[in-house]
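Enquirer: My structure is below; once you've seen it, I'll send some questions.
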Amino acid sequence: MKKWVILLALLLGLLLWIGDRNLNRTPGTEVQINRVETDEIAETAAADTKDTTNAPDAPAGNDSSVRTIQVTPDQIYKGDLVLVNQDHPVHAEGMLSDIAELSRHPELTEGYGLLDNKIQLSERVAKQFSAMVAAAGEDGVNHFLISSGYRDNEKQAELYEEEGPDYALPAGFSEHNLGLSLDIGSSLEAMERAPEGKWLTANAWDYGFILRYPKDKTAITGIQYEPWHFRYVGLPHSQIMKEKRFTLEEYLSYLREQKQIQATIDGRTYDISYIPVTGETAIEVPTDRDYEISGNNVDGVILTVYPQ
Ligand SMILES: [Zn+2]
């Protein structure tokens, strides 16, 4: 009889250990990031015209099937990668146009709660959040709630009064004013200790979201550790930021420095370039691959070319 009790206790211990490991696991995503040398592109392009057997070595962004489009300065201020902080305010262009009151959209709020029925968010971001919550549910983490989403200037000003400059930003300087950020809570306990907080810290990156104000980056973000505040930036950017342990500030500086990088994630290659925009600027985009352009809210745009 005693043996059984010991065995059962051991088994229970093992299960708990596996569960805990599972929660803090490093996902099996393989991320490789390379800088693309501009010279290299030119050389490979030249080689390609002579001998097509060189093609497998060519960077994927080096296709001949490109067309030229014009980027206008207003595009600097909109898109999923715009940097908003105490130095870079939200521009009218940056506010998402699909802001919805979530309580009116039961299809967007499955599997999590809302702190109140006035909470608003971009519909597109809410869809991504739902997908992430569903994935967490498969790991047995399912007590999420959204405590804040999109905030207009009036609400932001109120909050700034209440919370002060360590935790809140003045109206017009908060990501909440874009519709791309949300504060996520757990109905179990404070996010820092809750399984929901731990799961998000480890896994949100694989769903396009980033922990925007990490504990060890307060000197860069200027904001105290906020285990509840997540920002949507989209894939593959969140995965690259996870791999490099970058804040949004650091990631955008890195892109500006590198000019062009290639990120291979689980064998799929993305080409990401930073393009400075002063006036109307001509840029080359592929005709045979999907791409997206986002401003950085400072001085240019990021072109993301998706795998074929
Ligand atoms: Zn927040």
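Cβ coordinates are placed from backbone N, Cα and C, and glycine is handled just like the others.
Fair warning: this is a prediction, and the values are worked out from it, not measured in the lab.
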Enquirer: Looking at 24-44, 45-65, 276-296, I want to know which stretch TrEMBL calls region 'Disordered'.
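Expert: Per TrEMBL, the stretch marked region 'Disordered' is 45-65.
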Enquirer: Count up the helix, strand and coil residues in the domain 'D-alanyl-D-alanine carboxypeptidase-like core' (119-234) according to DSSP, in that order.
Expert: 50 helix, 22 strand, 44 coil
